[in-house]
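TrEMBL annotations:
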- A:8-150: domain 'Aspartate/ornithine carbamoyltransferase carbamoyl-P binding' (DOMAIN)
- A:Arg59, A:Thr60, A:Arg109, A:His137, A:Gln140, A:Gly265, A:Pro266: carbamoyl phosphate binding site (BINDING)
- A:Lys87, A:Arg170, A:Arg224: L-aspartate binding site (BINDING)
- A:157-302: domain 'Aspartate/ornithine carbamoyltransferase Asp/Orn-binding' (DOMAIN)
Amino acid sequence: MSELSVNHLLGIKYITEADINLIFETADHFKEVINRPIKKVPSLRDITIANLFFENSTRTKLSFELAEKRLSADVINFASSSSSVTKGETLIDTVNNILSMKVDMVVMRHPNPGAGVFLSKHVSASIINAGDGAHEHPTQALLDAYSIREKLGDVSGKKIVIVGDILHSRVALSNIFALQKLGASVKVCGPKTLIPKYIESLNVGVETNLRKALEWCDVANMLRVQNERMDISYFPTTREYTQQFGLSKQLLDSLKKEIVIMHPGPINRGVEITSDVADSKQSIILEQVQNGVAIRMAVIYLLASKIKHHED
Amino acid sequence: MSQKVLLNATEINIALNRLACQLIEKHDDFSKTVLIGIQPRGIFLAERLKTLLEDEYKIKNIKLGYLDITFYRDDFRRGEKPLEANKTNINFIVEDKNVVFIDDVLFTGRSIRSALTAVQSFGRPLEIELLTLIDRRFSRHLPIQPDYRGRQVDAINGEKVKVCWKENDGEDAVYLVKS
């Protein structure tokens, strides 16, 4: 087994445990590469990748772009705010126009869930989903699980709680799939209004008391409250949210064991997590960012190796 | 499929001793020299030479690293089988050092071409030499020749040279395999 079972990375739901492990092993090699004096390999010098961001992103876009450049791919960037999408062009038209410039792979972020799946049925390029609405964000889940594996040695058998806005979070859903495929148990914790109804059908426990959740877990993944996706009020005030679901140093120190703290970013300091926790020794937030580049290099490399070479 | 012995354990041992002496002739106490085994098959030969130089010839502190060339190969996406990477482990400075690449068989020269690119990621060596146990003549795709060779072999394209090491394959031997 040294090849992915899929031609696109549309979501963790569509890949196998063996795929995840292959991505991790490949990322181990790339992590060594990006710590060399010269952090670049020539593997993808005949591959062109388009980064299509129909929704804002800072770190994911930077991370993908860096991963692509470290693999020597040619990169073109596209942001919907400065494009013809605002003039009424459809998604397929936009992408086909870009593909006619001989692009081999598309990294796409889109506000609509399923945009990646839809596109993969209509265009020939290899698609990587960099976040589709509140659906999936597979590379984030992979780098989260990879960071847990790096910190704790293994993901299997570990207990992970995802805290915060589960309802609007693509990170939560992808994380649940990835962690469960790797044999971890997952709970979610947050205000009832921000926990989707279907969650128990995914075999995920629900806890509304943060202290209890933290006492149960080995790792706490703190999510951001996505105010921009909220059309109605899901909790009375930010202050009340912080009191019930914010992680403070005081709470962390009062636990009987030392747990690992993660956050996919961007952090709202003082809301879901206080500064001293985010910057503490238990936090692996910056390791997550570094691992993000290695994981994305691995995903891009493995998908690119399935694009056959043509003599044209 | 038939196979013929090219080198037996005794002959390999003699060749290794000769190669070790040739390295000493050129590199003296190895203070400015580093050995780099090319993954995956060159590392056994590299380990053997290091042990020999240290135990038999009393040379101390020989630096040995492993270099994986997978991401530098020129046949990415061109083969049937996906390329599988191995570990790179170079925990010393390559800049301004005499580097000796060590691999078991020199065939087309493409692996060494990749290794020449790969090693540049770690700095600019003073010079790079190549040591191989088996040098397959008349099969090169690139102008690359070994500086130290154990045995030169004439083999046609359909034939394969198989190098076995006790620690990995149970015996020391080199075979010419005809398919």
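Just so you know, glycine gets a Cβ as well, placed from its N, Cα and C.
Overlay of TrEMBL feature records on the structure.
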| residue | record | Cβ neighbours (10 Å) |
| --- | --- | --- |
| A:Arg59 | carbamoyl phosphate binding site | 14 |
| A:Thr60 | carbamoyl phosphate binding site | 23 |
| A:Arg109 | carbamoyl phosphate binding site | 26 |
| A:His137 | carbamoyl phosphate binding site | 26 |
| A:Gln140 | carbamoyl phosphate binding site | 27 |
| A:Arg170 | L-aspartate binding site | 24 |
| A:Arg224 | L-aspartate binding site | 19 |
| A:Gly265 | carbamoyl phosphate binding site | 17 |
| A:Pro266 | carbamoyl phosphate binding site | 9 |
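According to its DSSP assignment, A:Arg109 (carbamoyl phosphate binding site) is in a strand. In the predicted model, the domain 'Aspartate/ornithine carbamoyltransferase carbamoyl-P binding' (A:8-150) shows an average pLDDT of 91. Taking CA atoms as the reference points, A:Arg59 (carbamoyl phosphate binding site) and A:Arg224 (L-aspartate binding site) are 15 Å apart. Only A:Gly265, A:Pro266, of the binding-site residues A:Thr60, A:Gln140, A:Gly265, A:Pro266, have a C-alpha within 10 angstroms of the C-alpha of A:Arg224 (L-aspartate binding site). Taking the C-alpha positions, the distance from A:Gly265 (carbamoyl phosphate binding site) to A:Arg170 (L-aspartate binding site) comes to 13 Å.
Here the domain 'Aspartate/ornithine carbamoyltransferase carbamoyl-P binding' (A:8-150) has, by DSSP, the following mix of helix, strand and coil residues: 67 helix, 26 strand, 50 coil. Contacting chain B by the Cβ rule (under 8 Å between Cβ atoms), the binding-site residues A:Arg109, A:His137, A:Arg170, A:Pro266 reduce to an empty set.
Annotated carbamoyl phosphate site A:Arg59, A:Thr60, A:Arg109, A:His137, A:Gln140, A:Gly265, A:Pro266; additional same-chain residues within 8 Å of its Cβ mean position, judged by their own Cβ, are A:Ser57, A:Thr58, A:Ser63, A:Ala130, A:Gly131, A:Val171, A:Pro264.
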